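Structure record follows, encoded as C-alpha cells.
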C-alpha cells in the first residue's frame, strides 16, 4: 500500500467517525437565501460570502437565477472582480478572494439564463476580460476558460470575445488584440495554464463558420510567432497539451486544403504564391501599373506603432469592401466607386466645413439670446441702413465658414473679401487676450450692413479707441466726423452715455481699416427695436490722403477694444508704450532721481498704467493738485539699501618666475599617452629599451607593438632631444625614454620586425585551420558516397512529381534544390517531401541516414569567406618579404637577430599559400562536379547550403521520430478506451448498465463546453467532417426549409411509420462518427404534479470537481440508449416531446412511444448527432441500396427534411445561434428540436433553427424539480 492510499484511507475513516458535517465554516449558509440577501452580501466581499453564494448559485433554479441577474448580481460580481484584479495579489487572502469571486461568475455562466444574460450586454464580457490584468495565474486561467467557452458557444459569444480582447488592448495600451494571449503563452512554464491558452487560441480560430475568417484569425496568431512557440511546446510530454496541438494542426491542415481547393491550387497562406498569382493575373493589363503604385505606396507604411497598425487594418477593410463591390461597379464612375468604398453605415460624420457652419450658427443663436437679455441701453440705427451682421473680415474664424451667415449679401461679402490682402496671417497670435469667441467689432461707415446678433462680451465704454488699425497698402479713409479717441494712445475721459456704435474700433489684421458711421456720434437717436451689432463689413472707398493731425497707423498690436452697449463699463486693452524717451508727460509721483549706486530691489507687483490711471483709483488721485507731495530721504535710502561697493585690490609685487622642474620637448597629449604606455610594463625605462634592443617579446604583444610604432619620436622631437646638452634628470619621464630609445641603433626596424614576427604567428594560428577546414569540406563533398545516392533518389521522385510538365524528365538539378524539399507539403499535417523521403530511406536505404555525417565538414566550413582570409595571409606575406629586404640591408646585429625569425615566418606563410592554391583547385573540381559555373561558384554559399540542408535533414529525422511516438501514444489511448469499454458491465441485450439517480440532469453550459475543448473539439470536428462528406453528394432541396412536426406526433399506440428493427452493424457502418451519445440514467417515473418533487441538488461545477467524475466509467459515447422513449426536460422541468430512436435499436426490438404529457413517461437523455442533417431524397435512395436502409430515417419527414436531434448546446440555448451560423456544436446533453435544412454557400450544410414558439414544451410546475448534475460527454 502506498503512502498516498494509506493517507486517503485514514481521512475516510476520520470522516466516517466524525459523521456528516452540517456546514462548512468557510462558507456562508445560503441554501435557501433569497436573491436580495445574496445581493446585500455581495456588497461585503469576503471568501465566506463568495463561497456560500457559489453553492447557492449552483443549486438555484431558473427563476431564482433570473431574479439574481435582474437585481444586478452579475454587475456586482464583475465589478468586484475588476477591483480585486486591479490591486494585485500581494497577499494570499487577496488571491483566494479573486478565485472565489471568479468561481461565482463561472457558476452564473454555467446556467442557461446566466450565459444568455451575459451575451445580451457587451459590457459584461469586457468587464470579464479586464480581470486578465492581474498577476494571479489561477484567475487568468479561469477567465481564459470562460472566454474560450463563449467562443464556441455561439457566434454572438465569439464576436463578444473578440470585442473584449480589442477593448483590453485599448485599455492596457497593447499593440495587437491577441498580444495578451501570446505574451502569456510565451512567458509561462505552467503546463495546465499553457493548455488553457492553447484551447483559447483553438476556440477563437474554430469559432467562425466562414473559412476565410478562420484563416484570417489563424494568420493573426501566426504573425505573433505562434508556430515558433508550438514547436517548443511539442517537446513537453503532456497528454492534454498534445490534444490541443493536434487540434490546431488538424484544423490548420483542413482549412489550408479547403482554401487551396477553392483557390485553384494556390497556397493562400504563402505571400509569395499569392503575389505571384496576382502578378500573373494583372501583368498583361493596365492594372499592373495600379498594382505597382499600390505596392510603392505600401512600402512607405511602417507596420510598427499604433498608427501603422490602424492604417493596415483600414486598408484591409477597404480591400474587402472592394471585393464586395467588384461585381456591382460596372456602370459607376470613379467618383461613385470611391464614394461607395468610403461610405459607412449609419450616420455620416460631418465634414470640417459643416462643423464650422454649425458652430457659427450656434454661436449666432446664443449671442442673440444673450443679447436680448443683457442689452439695456438702446442702440442707434442709422436711417437707410439695416442692422449689421458679424463681418467675415473681422471674424477670427475662417472666411469660408462665415460665408454661410451672410449669404443674403453676396456683393458686400465679395467686396469685403477682395479688400483683404492675399497673404493672410493667422489671427490667433494677435488676439490672445480675447474670449474664445470674440464678437465682431464695430465697423465705421459700412455701406451694406446686415442684421447681426450683439456680442456676448463684457460691455466696453464707447469712444475709447486703443490703437489705430494695422497699416494697409493704402492709408485709411477719412473719417467724416472726428472719432473720440480714435487715434490716441492714452484713453480720453469717457463721453456721456449712451454709447455710440461706431467709435474707435480697430479691426484685427489683416483687413484694412474701415470707415466709421457718418454722424453717428453727434446725436443720440431713439433706440431701434432690435439691438444691432456694432461691427459691420464696409466697402472701402478710394482712400484719400489722411486728415491733418491724424496719426499714421502703427503696426498691428496684440489687443484692441471691444465696445458694447451694456452698462457703461469698459474693458480696455492698450499697447505698452515706453515713456522713458520723454515723449509723454510723466506724473509727479514717478519723477525720482536716479540712484548713484546699485540698489537692492523691492519685490512688488506692478500695476499696468491703464489700470492705475482709473479716475476712481487711489493712484489716479496722486496727480491732482490737492494731493500733498511726499518726498523720501533718498540719500539715507541709498546708503542703507545699496549693494556694498567692492574695494579695489592693492597692487602687489609680481611673484618671481619659478623655474620649471622638468624639461619636455613633447606636447602634452603625446607625453600623456607615452606615460600611460610605459606604466603598463611596471618597470623602468631602461628595462623596456633593453627588451626592445634584445628583441624580447615576452611583454610585447601585437597591439602593444602597434601602439609603440605610433608613439615613436618624430623628426623635430629627435632633433630637440639630441640638441639638449644639460642633465638628463631635468627631462620628463617621456623625454628620458625617447633619449634611451635614440641610443638603440635601428630601433624602428627592430620594433617593426618584432611586430611582424608576433603578427605572423597569430595570422597563421587563425587562418591555417580555416583554410584546412575549407579544403577538407571540398574533399568531403567530392568523395561522399551517400550524397550522390540521395540526390539520385530525389531526382527520381522529382521526375515522378513533375511528370508531364516542362520541369519533368530532368537529368539532374541544382544543389540548392535540396533546400526546397521542405516546401512541398503533403496532405498529412506537418509532413513534407523530405519527411517522406527519410521515412522511405529508413525502410529501404538505412545507410543514407548517415548522410549528415558526410555533410558535417561543409557545415563547419559554412560562414568562412575564403577570399578574405586569403587576402589577409597574402598581405602578411608581403610585409614579411619587405621586412626581410630591410633587415638584409641593415647592420649585422639586426641581421643576426631577425634574419632567421623572418625566414621561418616567410616559409610558414608560403606553406599556407599553397593550401589556398589547393583550395582553388578543389573549387574548380567542385564546380565541375556540381555542374556549376566556376566563375560564379561561391564556396561560402555552397557550404551554407549544405549546412542548412543538414539541419533540415536532422530536424526531419527528429520530427519523424516524435510523430511516431505521438501516434503510439494516441494508439495506446484508444486501446485504453476500448479496454474500459470492454470492462463495462452490460445487460442481457448488450447495453451498458446505468447507475446513479434517476432524475433528469441539467446540462452545465460552461462545463460541457470546456469538456469538449479538453477533448480537442471532438463534437465540432465531427460535425464539420460529416458535413463535408455529406455535402459532396447531396442535392440541396429546392423548396425553402420548413418546420416539420416533431417525431412524437405519431400515434403512440401505432408506433412509428419506420421499420421497427434495423441491423445494428449496418447502421453503425452507415454513419460511424455521426452520432454522439449522452448517457442516460436509469429511467424512473416522473413525479406527478400533486406530489412534491425532491429538492434540487447542487449543480456541481468542474471548477471544483470535474463533472466527468460524476459519470460512471462505463459512460462512453459508443453506448446505446435503452429502448423506449427518452423525453428530455429543460432546466426548469419543462419537458419536450419524446423522441424515438429506431435506427439504433438492436434487432427484434420495436419502438414504443408514450405521450409527452403522460406523467409516467420515462426520463432520460437521448442519442444525439452534433450538427446533423439528413440526406436528400436522391442520396438516401442511393445509400439505401448499398446499406439496406429505409429512405426516410427516424429524423426525417416525407419531404426529406432533417428532424434529427441536435446537441443540447445547440438547441437548449435558444439565443446562442442565428439561422446562419449553425455548424458548431460543443455539448453533451441534447434536446430534440424542429429543424429544417437550407442550402447556402459551397453546398455545406446549414441548419435553420426555429424560434421559441415553434418548440413544443410540456411545462411542469415549479415544485417538480429534477435532480440536476452536469453530464459532460
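For all residues, glycine too, the Cβ spot is worked out from N, Cα and C.
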Which range of 346-387, 598-639, 640-681 is region 'Disordered', per Swiss-Prot: 346-387
Candidate set 464, 1174, 1228, residue annotated phosphoserine in Swiss-Prot: 1174
Annotated residue, phosphothreonine, per Swiss-Prot; candidates 447, 488, 1230: 1230
Site from 520, 1172, 1243, 1251 that Swiss-Prot describes as phosphoserine, others unannotated there: 1172
Selected residue, Swiss-Prot feature phosphothreonine, from candidates 26, 1187, 1192, 1203: 1203
807, 824, 1029, 1223 - the residue Swiss-Prot records as phosphothreonine: 1223
Overall pLDDT of the domain 'FH1' (421-564), taken as the mean: 45
Three-state composition of the region 'Disordered' (960-999), taking helix and strand from DSSP: 24 helix, 2 strand, 14 coil
